[in-house]
Amino acid sequence: MTATFPARPGWAQGGAATGANYTADASAPPWRSGSAERPLQPVNLLELEEAAARVIPAAGFDYIAGGAGDEWTLRENRAAFERRQIVQRVLTGKVVADTATEILGTPIALPTIVAPMGGQAIAHVSAEAGTARGAAAAGTLHTVSTVATLSLEDAARAADGPKWFQIYLTRDDGFNAELLQRARAAGYGAIVLTVDVPIVGNRERDRRNGFVYPPAAAPRNFLDAAGRLRPIERAFQPRLDADSIAFVRRHGGLPVVVKGIATAEDALLALDAGAAAIQVSNHGGRQLDGAPAAFTVLPEVAAAVQGRVPLILDGGIRRGADVFKALASGADVVALGRPVLYGLALGGWQGVQSVFQHLEDELRTVMQLAGAATVADIRRTRLYG
Ligand SMILES: Cc1cc2nc3c(=O)[nH]c(=O)nc-3n(C[C@H](O)[C@H](O)[C@H](O)COP(=O)(O)O)c2cc1C
Ligand SMILES: CCCCC(=O)C(=O)O
(Lines of atoms letter the chains of each structure in order from A and count residues from 1; the text may use other names and numbers.)
(Lines give C-alpha, C1' and ligand atoms only; values in the text may rest on other atoms or scores of the structure.)
(Ligands and ions follow the chains in the order given, each with its own letter.)
Protein backbone atom coordinates (compact mmCIF):
# COMPACT_ATOMS: atom_id res chain seq x y z
CA MET A 1 0.00 0.00 0.00
CA THR A 2 1.47 3.31 -1.01
CA ALA A 3 -1.29 5.70 0.00
CA THR A 4 0.06 8.88 1.51
CA PHE A 5 -1.63 11.72 3.30
CA PRO A 6 0.63 14.76 2.84
CA ALA A 7 0.12 17.39 5.47
CA ARG A 8 -1.87 20.59 5.08
CA PRO A 9 -2.83 23.48 7.33
CA GLY A 10 -6.07 23.06 9.27
CA TRP A 11 -8.83 25.64 9.71
CA ALA A 12 -7.40 26.84 13.00
CA GLN A 13 -4.26 28.00 11.22
CA GLY A 14 -5.75 28.65 7.83
CA GLY A 15 -8.40 31.29 8.55
CA ALA A 16 -11.71 31.51 6.75
CA ALA A 17 -12.39 28.81 4.22
CA THR A 18 -12.98 30.04 0.73
CA GLY A 19 -12.04 26.93 -1.18
CA ALA A 20 -9.77 29.12 -3.28
CA ASN A 21 -6.52 28.12 -1.65
CA TYR A 22 -6.63 24.35 -1.87
CA THR A 23 -4.35 24.26 -4.90
CA ALA A 24 -1.55 25.71 -2.79
CA ASP A 25 -1.27 22.31 -1.12
CA ALA A 26 1.34 20.88 -3.49
CA SER A 27 4.34 22.27 -1.61
CA ALA A 28 3.19 21.04 1.78
CA PRO A 29 5.57 19.52 4.33
CA PRO A 30 5.19 15.87 5.43
CA TRP A 31 2.49 14.81 7.84
CA ARG A 32 1.81 17.56 10.37
CA SER A 33 1.12 15.00 13.03
CA GLY A 34 4.25 12.95 12.49
CA SER A 35 7.70 13.65 13.91
CA ALA A 36 11.28 12.59 13.21
CA GLU A 37 11.12 10.02 16.00
CA ARG A 38 7.67 8.82 15.10
CA PRO A 39 6.82 9.35 11.44
CA LEU A 40 3.17 8.88 10.73
CA GLN A 41 2.22 6.49 7.95
CA PRO A 42 -1.22 5.02 8.50
CA VAL A 43 -1.61 1.66 6.84
CA ASN A 44 -5.39 1.54 7.09
CA LEU A 45 -8.33 3.92 7.41
CA LEU A 46 -8.96 3.02 11.05
CA GLU A 47 -5.58 4.49 11.95
CA LEU A 48 -6.50 7.78 10.31
CA GLU A 49 -8.81 8.69 13.17
CA GLU A 50 -6.04 8.88 15.76
CA ALA A 51 -3.85 10.83 13.37
CA ALA A 52 -6.68 13.27 12.60
CA ALA A 53 -7.30 13.76 16.33
CA ARG A 54 -3.85 15.33 16.51
CA VAL A 55 -4.49 17.93 13.80
CA ILE A 56 -8.17 18.86 14.19
CA PRO A 57 -8.95 21.11 17.18
CA ALA A 58 -10.42 18.92 19.96
CA ALA A 59 -14.06 20.06 19.93
CA GLY A 60 -14.16 19.87 16.14
CA PHE A 61 -12.70 16.38 16.24
CA ASP A 62 -15.32 15.30 18.80
CA TYR A 63 -18.10 16.69 16.60
CA ILE A 64 -16.83 14.63 13.66
CA ALA A 65 -15.94 11.41 15.48
CA GLY A 66 -18.80 11.36 17.96
CA GLY A 67 -22.20 9.70 18.00
CA ALA A 68 -25.43 10.02 19.94
CA GLY A 69 -26.01 8.90 23.54
CA ASP A 70 -23.82 6.00 24.64
CA GLU A 71 -22.42 5.76 21.09
CA TRP A 72 -23.63 2.15 21.02
CA THR A 73 -24.96 2.47 17.46
CA LEU A 74 -21.74 4.17 16.40
CA ARG A 75 -19.76 1.14 17.60
CA GLU A 76 -22.35 -1.31 16.30
CA ASN A 77 -21.98 0.10 12.76
CA ARG A 78 -18.47 -1.42 12.85
CA ALA A 79 -19.23 -4.49 14.94
CA ALA A 80 -21.96 -5.66 12.54
CA PHE A 81 -19.40 -6.02 9.75
CA GLU A 82 -17.20 -8.12 12.01
CA ARG A 83 -19.98 -10.68 12.51
CA ARG A 84 -20.19 -11.66 8.82
CA GLN A 85 -17.48 -13.61 7.03
CA ILE A 86 -16.27 -13.69 3.45
CA VAL A 87 -16.06 -16.99 1.57
CA GLN A 88 -12.52 -17.74 0.35
CA ARG A 89 -12.53 -18.81 -3.34
CA VAL A 90 -9.19 -19.36 -5.07
CA LEU A 91 -9.86 -21.89 -7.87
CA THR A 92 -12.34 -19.90 -9.93
CA GLY A 93 -9.82 -19.00 -12.62
CA LYS A 94 -10.83 -15.37 -12.19
CA VAL A 95 -8.52 -12.39 -11.95
CA VAL A 96 -9.73 -9.01 -10.67
CA ALA A 97 -10.69 -6.96 -13.70
CA ASP A 98 -11.77 -3.68 -12.19
CA THR A 99 -13.75 -2.07 -9.42
CA ALA A 100 -15.73 0.26 -11.69
CA THR A 101 -19.50 0.52 -11.48
CA GLU A 102 -22.25 3.12 -11.84
CA ILE A 103 -24.92 4.75 -9.72
CA LEU A 104 -28.01 6.42 -11.23
CA GLY A 105 -26.25 6.37 -14.60
CA THR A 106 -23.03 7.97 -13.34
CA PRO A 107 -19.89 5.87 -13.87
CA ILE A 108 -17.55 5.67 -10.86
CA ALA A 109 -14.14 4.02 -10.50
CA LEU A 110 -15.02 2.13 -7.33
CA PRO A 111 -18.30 1.29 -5.57
CA THR A 112 -17.72 3.93 -2.88
CA ILE A 113 -18.89 7.55 -2.93
CA VAL A 114 -18.58 10.48 -0.52
CA ALA A 115 -21.38 10.79 2.07
CA PRO A 116 -22.70 14.32 2.69
CA MET A 117 -21.03 15.99 5.65
CA GLY A 118 -21.56 19.54 6.84
CA GLY A 119 -19.00 22.08 8.04
CA GLN A 120 -15.93 20.66 6.34
CA ALA A 121 -13.82 23.71 7.19
CA ILE A 122 -13.75 22.18 10.68
CA ALA A 123 -11.41 19.56 9.19
CA HIS A 124 -9.46 21.62 6.65
CA VAL A 125 -9.30 25.11 5.19
CA SER A 126 -10.14 23.84 1.69
CA ALA A 127 -13.44 22.45 3.06
CA GLU A 128 -15.82 20.97 0.44
CA ALA A 129 -13.60 22.20 -2.39
CA GLY A 130 -10.85 19.87 -1.18
CA THR A 131 -13.26 16.97 -0.84
CA ALA A 132 -14.75 17.63 -4.29
CA ARG A 133 -11.31 17.69 -5.88
CA GLY A 134 -10.11 14.58 -4.03
CA ALA A 135 -13.24 12.64 -4.96
CA ALA A 136 -12.91 13.68 -8.60
CA ALA A 137 -9.24 12.65 -8.61
CA ALA A 138 -10.25 9.24 -7.23
CA GLY A 139 -12.92 8.90 -9.92
CA THR A 140 -15.87 8.98 -7.58
CA LEU A 141 -18.94 11.02 -6.70
CA HIS A 142 -19.15 13.73 -4.05
CA THR A 143 -22.28 14.67 -2.10
CA VAL A 144 -22.40 18.29 -0.89
CA SER A 145 -24.35 18.98 2.33
CA THR A 146 -26.95 21.69 2.88
CA VAL A 147 -24.79 22.80 5.82
CA ALA A 148 -21.55 22.71 3.83
CA THR A 149 -19.11 25.49 4.69
CA LEU A 150 -18.96 26.59 1.05
CA SER A 151 -22.02 27.68 -0.87
CA LEU A 152 -23.40 24.94 -3.10
CA GLU A 153 -22.26 26.97 -6.13
CA ASP A 154 -18.64 27.26 -4.88
CA ALA A 155 -18.57 23.56 -3.97
CA ALA A 156 -19.88 22.70 -7.46
CA ARG A 157 -17.25 24.86 -9.15
CA ALA A 158 -14.36 23.30 -7.23
CA ALA A 159 -14.05 20.18 -9.37
CA ASP A 160 -15.69 18.74 -12.44
CA GLY A 161 -16.39 15.28 -11.01
CA PRO A 162 -19.95 14.01 -10.53
CA LYS A 163 -21.82 15.56 -7.60
CA TRP A 164 -25.11 15.32 -5.75
CA PHE A 165 -26.63 17.90 -3.44
CA GLN A 166 -27.97 16.80 -0.04
CA ILE A 167 -30.94 18.72 1.32
CA TYR A 168 -32.29 19.16 4.81
CA LEU A 169 -35.80 20.54 4.53
CA THR A 170 -36.32 23.57 6.73
CA ARG A 171 -39.66 24.89 7.93
CA ASP A 172 -39.43 27.53 5.20
CA ASP A 173 -40.74 26.05 1.93
CA GLY A 174 -39.70 29.12 -0.03
CA PHE A 175 -36.11 28.66 1.12
CA ASN A 176 -36.29 24.91 0.37
CA ALA A 177 -37.52 25.52 -3.17
CA GLU A 178 -34.83 28.15 -3.68
CA LEU A 179 -32.07 25.75 -2.55
CA LEU A 180 -33.36 23.05 -4.90
CA GLN A 181 -33.46 25.42 -7.86
CA ARG A 182 -29.95 26.63 -7.07
CA ALA A 183 -28.73 23.02 -6.91
CA ARG A 184 -30.18 22.24 -10.30
CA ALA A 185 -28.71 25.42 -11.81
CA ALA A 186 -25.29 24.60 -10.36
CA GLY A 187 -25.22 21.25 -12.19
CA TYR A 188 -25.85 18.71 -9.43
CA GLY A 189 -27.01 15.36 -10.82
CA ALA A 190 -29.34 14.26 -8.01
CA ILE A 191 -30.82 15.48 -4.73
CA VAL A 192 -30.20 13.46 -1.58
CA LEU A 193 -33.08 14.12 0.82
CA THR A 194 -31.94 13.27 4.34
CA VAL A 195 -34.86 12.13 6.47
CA ASP A 196 -33.16 10.95 9.67
CA VAL A 197 -32.62 14.41 11.20
CA PRO A 198 -36.15 15.62 12.05
CA ILE A 199 -34.33 16.83 15.16
CA VAL A 200 -30.62 16.64 15.98
CA GLY A 201 -29.68 13.59 18.07
CA ASN A 202 -28.38 13.75 21.62
CA ARG A 203 -24.69 14.31 20.96
CA GLU A 204 -23.15 14.40 24.39
CA ARG A 205 -19.61 15.19 23.28
CA ASP A 206 -20.93 18.35 21.64
CA ARG A 207 -22.94 19.32 24.71
CA ARG A 208 -19.93 18.78 26.93
CA ASN A 209 -17.76 20.89 24.63
CA GLY A 210 -20.43 23.53 24.03
CA PHE A 211 -19.71 22.90 20.37
CA VAL A 212 -21.09 25.11 17.63
CA TYR A 213 -19.72 25.47 14.12
CA PRO A 214 -16.83 27.99 14.30
CA PRO A 215 -17.33 31.16 12.22
CA ALA A 216 -14.88 29.85 9.59
CA ALA A 217 -17.23 26.89 9.07
CA ALA A 218 -20.52 28.85 9.02
CA PRO A 219 -22.74 27.29 6.35
CA ARG A 220 -22.76 29.78 3.47
CA ASN A 221 -26.01 28.42 2.01
CA PHE A 222 -27.75 29.93 5.03
CA LEU A 223 -26.47 33.47 4.58
CA ASP A 224 -29.25 35.92 3.80
CA ALA A 225 -28.97 38.80 1.35
CA ALA A 226 -27.43 40.98 4.08
CA GLY A 227 -24.75 38.35 4.73
CA ARG A 228 -26.28 37.31 8.07
CA LEU A 229 -26.61 33.66 9.06
CA ARG A 230 -30.21 32.37 9.20
CA PRO A 231 -30.94 30.14 12.23
CA ILE A 232 -30.23 26.54 11.29
CA GLU A 233 -30.97 23.74 13.71
CA ARG A 234 -34.34 25.04 14.91
CA ALA A 235 -35.21 25.64 11.29
CA PHE A 236 -35.18 21.94 10.35
CA GLN A 237 -38.56 20.50 9.37
CA PRO A 238 -39.49 17.79 11.90
CA ARG A 239 -42.55 16.57 9.93
CA LEU A 240 -41.36 14.40 7.05
CA ASP A 241 -43.46 12.05 4.91
CA ALA A 242 -44.25 11.11 1.31
CA ASP A 243 -45.21 14.75 0.57
CA SER A 244 -41.68 15.84 1.51
CA ILE A 245 -40.29 13.55 -1.19
CA ALA A 246 -42.87 14.81 -3.70
CA PHE A 247 -41.90 18.41 -2.85
CA VAL A 248 -38.22 17.73 -3.51
CA ARG A 249 -39.01 15.96 -6.79
CA ARG A 250 -41.23 18.81 -7.94
CA HIS A 251 -38.90 21.69 -7.08
CA GLY A 252 -35.58 19.99 -7.83
CA GLY A 253 -36.52 18.32 -11.08
CA LEU A 254 -33.76 15.79 -10.39
CA PRO A 255 -33.69 12.15 -9.22
CA VAL A 256 -34.22 11.98 -5.44
CA VAL A 257 -32.13 9.70 -3.22
CA VAL A 258 -33.86 9.25 0.14
CA LYS A 259 -31.17 8.98 2.83
CA GLY A 260 -31.69 7.67 6.35
CA ILE A 261 -33.92 4.66 5.67
CA ALA A 262 -33.56 1.72 8.06
CA THR A 263 -36.76 -0.33 7.67
CA ALA A 264 -38.84 -2.06 4.98
CA GLU A 265 -41.80 0.22 5.87
CA ASP A 266 -39.96 3.48 5.27
CA ALA A 267 -38.30 2.04 2.16
CA LEU A 268 -41.71 1.21 0.64
CA LEU A 269 -43.06 4.66 1.55
CA ALA A 270 -40.07 6.26 -0.17
CA LEU A 271 -40.49 4.04 -3.23
CA ASP A 272 -44.20 4.87 -3.52
CA ALA A 273 -43.32 8.57 -3.33
CA GLY A 274 -40.97 8.19 -6.29
CA ALA A 275 -37.51 7.81 -4.74
CA ALA A 276 -34.91 7.09 -7.43
CA ALA A 277 -32.57 5.45 -4.90
CA ILE A 278 -32.51 4.66 -1.20
CA GLN A 279 -29.60 5.30 1.15
CA VAL A 280 -29.72 2.92 4.08
CA SER A 281 -28.22 4.84 6.99
CA ASN A 282 -28.47 5.68 10.66
CA HIS A 283 -26.43 8.83 10.10
CA GLY A 284 -23.24 7.23 11.32
CA GLY A 285 -24.70 6.58 14.79
CA ARG A 286 -25.23 10.31 15.34
CA GLN A 287 -29.03 10.25 15.66
CA LEU A 288 -30.94 7.34 17.27
CA ASP A 289 -28.60 5.59 19.68
CA GLY A 290 -29.79 2.01 20.21
CA ALA A 291 -30.80 1.56 16.57
CA PRO A 292 -29.22 -1.40 14.78
CA ALA A 293 -26.25 -1.03 12.48
CA ALA A 294 -27.03 0.12 8.94
CA PHE A 295 -25.43 -3.13 7.70
CA THR A 296 -27.79 -5.16 9.93
CA VAL A 297 -30.94 -3.65 8.38
CA LEU A 298 -29.65 -3.71 4.79
CA PRO A 299 -31.06 -7.19 3.95
CA GLU A 300 -34.52 -6.16 5.23
CA VAL A 301 -34.53 -3.07 3.02
CA ALA A 302 -33.12 -4.98 0.04
CA ALA A 303 -35.87 -7.60 0.36
CA ALA A 304 -38.55 -4.89 0.37
CA VAL A 305 -37.09 -2.93 -2.55
CA GLN A 306 -36.42 -6.03 -4.70
CA GLY A 307 -34.03 -4.25 -7.03
CA ARG A 308 -36.56 -1.62 -8.17
CA VAL A 309 -34.12 1.19 -7.26
CA PRO A 310 -30.44 1.15 -6.34
CA LEU A 311 -29.43 0.91 -2.69
CA ILE A 312 -26.62 2.90 -1.11
CA LEU A 313 -25.34 1.92 2.34
CA ASP A 314 -23.39 4.12 4.74
CA GLY A 315 -22.15 3.73 8.30
CA GLY A 316 -18.94 2.13 9.54
CA ILE A 317 -17.30 1.42 6.19
CA ARG A 318 -13.57 1.44 6.93
CA ARG A 319 -12.12 -1.47 4.98
CA GLY A 320 -12.33 -3.00 1.54
CA ALA A 321 -13.80 -6.06 3.24
CA ASP A 322 -16.69 -3.89 4.52
CA VAL A 323 -17.40 -2.64 1.00
CA PHE A 324 -17.37 -6.25 -0.20
CA LYS A 325 -19.74 -7.43 2.54
CA ALA A 326 -22.16 -4.55 1.93
CA LEU A 327 -22.33 -5.28 -1.80
CA ALA A 328 -22.73 -9.00 -1.17
CA SER A 329 -25.67 -8.14 1.14
CA GLY A 330 -27.66 -6.04 -1.34
CA ALA A 331 -26.02 -2.61 -1.63
CA ASP A 332 -25.17 -1.26 -5.08
CA VAL A 333 -22.63 1.18 -3.70
CA VAL A 334 -21.53 2.38 -0.26
CA ALA A 335 -20.87 5.90 1.01
CA LEU A 336 -17.95 6.89 3.18
CA GLY A 337 -18.23 9.48 5.95
CA ARG A 338 -15.66 10.27 8.65
CA PRO A 339 -12.54 8.81 6.94
CA VAL A 340 -13.02 11.36 4.14
CA LEU A 341 -12.80 14.21 6.66
CA TYR A 342 -9.76 12.63 8.30
CA GLY A 343 -8.03 12.35 4.93
CA LEU A 344 -8.99 15.97 4.22
CA ALA A 345 -7.64 17.13 7.59
CA LEU A 346 -4.35 15.31 7.10
CA GLY A 347 -3.71 15.87 3.44
CA GLY A 348 -6.21 18.25 1.80
CA TRP A 349 -7.59 17.03 -1.51
CA GLN A 350 -4.74 14.55 -1.90
CA GLY A 351 -5.60 13.07 1.47
CA VAL A 352 -9.16 12.50 0.27
CA GLN A 353 -7.90 10.91 -2.93
CA SER A 354 -5.59 8.67 -0.87
CA VAL A 355 -8.48 7.46 1.27
CA PHE A 356 -10.34 6.21 -1.80
CA GLN A 357 -7.21 4.75 -3.41
CA HIS A 358 -6.48 2.90 -0.21
CA LEU A 359 -9.99 1.48 0.00
CA GLU A 360 -9.80 0.44 -3.65
CA ASP A 361 -6.48 -1.36 -3.05
CA GLU A 362 -7.97 -3.26 -0.12
CA LEU A 363 -11.11 -4.09 -2.09
CA ARG A 364 -9.07 -5.51 -4.98
CA THR A 365 -7.18 -7.80 -2.62
CA VAL A 366 -10.40 -9.06 -1.06
CA MET A 367 -12.00 -9.56 -4.49
CA GLN A 368 -9.09 -11.65 -5.73
CA LEU A 369 -9.12 -13.86 -2.63
CA ALA A 370 -12.89 -14.26 -2.78
CA GLY A 371 -13.00 -15.08 -6.49
CA ALA A 372 -14.78 -11.91 -7.64
CA ALA A 373 -13.49 -10.27 -10.83
CA THR A 374 -16.03 -7.44 -10.98
CA VAL A 375 -18.50 -5.52 -8.84
CA ALA A 376 -21.27 -7.63 -10.40
CA ASP A 377 -19.46 -10.76 -9.13
CA ILE A 378 -19.33 -9.31 -5.61
CA ARG A 379 -23.08 -8.76 -5.67
CA ARG A 380 -23.59 -12.46 -6.48
CA THR A 381 -21.32 -13.64 -3.65
CA ARG A 382 -22.70 -15.32 -0.54
CA LEU A 383 -21.30 -14.61 2.94
CA TYR A 384 -21.09 -16.75 6.06
CA GLY A 385 -22.85 -15.80 9.28
C1 LIG B 1 -19.11 15.44 10.72
C2 LIG B 1 -20.30 14.83 10.04
C3 LIG B 1 -21.24 15.66 9.44
C4 LIG B 1 -22.34 15.11 8.80
N5 LIG B 1 -23.21 15.95 8.15
C6 LIG B 1 -24.21 15.41 7.42
C7 LIG B 1 -25.04 16.25 6.64
O8 LIG B 1 -24.87 17.47 6.60
N9 LIG B 1 -26.04 15.66 5.94
C10 LIG B 1 -26.26 14.32 5.95
O11 LIG B 1 -27.17 13.82 5.29
N12 LIG B 1 -25.48 13.49 6.67
C13 LIG B 1 -24.46 14.02 7.40
N14 LIG B 1 -23.64 13.18 8.10
C15 LIG B 1 -23.85 11.71 8.04
C16 LIG B 1 -23.07 11.07 6.90
O17 LIG B 1 -23.60 11.43 5.64
C18 LIG B 1 -23.09 9.53 6.96
O19 LIG B 1 -24.42 9.09 7.08
C20 LIG B 1 -22.25 8.93 8.08
O21 LIG B 1 -21.15 9.76 8.44
C22 LIG B 1 -21.73 7.58 7.64
O23 LIG B 1 -21.06 6.94 8.63
P24 LIG B 1 -19.44 6.86 8.75
O25 LIG B 1 -18.99 8.20 9.18
O26 LIG B 1 -19.26 5.80 9.78
O27 LIG B 1 -18.88 6.45 7.39
C28 LIG B 1 -22.54 13.71 8.77
C29 LIG B 1 -21.59 12.88 9.39
C30 LIG B 1 -20.48 13.43 10.01
C31 LIG B 1 -19.48 12.50 10.62
C1 LIG C 1 -27.51 19.84 12.45
C2 LIG C 1 -26.86 18.69 11.77
C3 LIG C 1 -25.90 19.16 10.73
C4 LIG C 1 -24.95 18.20 10.15
C5 LIG C 1 -25.20 16.75 10.40
O6 LIG C 1 -25.98 16.13 9.75
C7 LIG C 1 -24.44 16.06 11.42
O8 LIG C 1 -23.68 16.69 12.16
O9 LIG C 1 -24.62 14.83 11.55
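Going from the start of the chain as shown, residues are counted 1 onward.
Cβ atoms are placed via backbone N, Cα and C, with glycine included.
Because TrEMBL annotations are produced automatically, they should be read as predictions rather than curated entries.
According to TrEMBL, the feature active site, proton acceptor maps to His283. Long-range Cβ proximity for His283 (active site, proton acceptor), meaning a same-chain Cβ under 8 A and a gap of 6 or more residues, is found for Thr194, Asp196, Val197, Gly201, Gly260, Gly315.
Within 10 Å of the C-beta of Tyr168 (glyoxylate binding site) there are 22 other C-beta atoms, taking all protein chains into account. Feature annotation from TrEMBL assigns glyoxylate binding site to Tyr63, Tyr168, Arg203, His283, Arg286.
There are 20 other Cβ atoms within 10 Å of the Cβ belonging to Gly118 (FMN binding site). TrEMBL lists 116-118, Ser145, Gln166, Thr194, Lys259, Ser281, 314-318, 337-338 with the feature FMN binding site.
As annotated by TrEMBL, domain 'FMN hydroxy acid dehydrogenase' applies to 37-385.
What TrEMBL lists as region 'Disordered' is 1-36.
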> Given the binding-site residues Tyr63, Arg203, Arg286, which one's Cα is the least distant from that of Gln166 (FMN binding site)?
Replying inline: Arg286
>> I need the most crowded of these binding-site residues: Lys259, Arg318, Arg338. Count other C-beta atoms within 10 angstroms of each C-beta and give me the top one.
In response: Lys259
> Can you list which of these binding-site residues (Gly118, Arg203, Arg286, Asp314) have a Cβ closer than 6 Å to ligand 2?
Replying inline: Gly118, Arg286
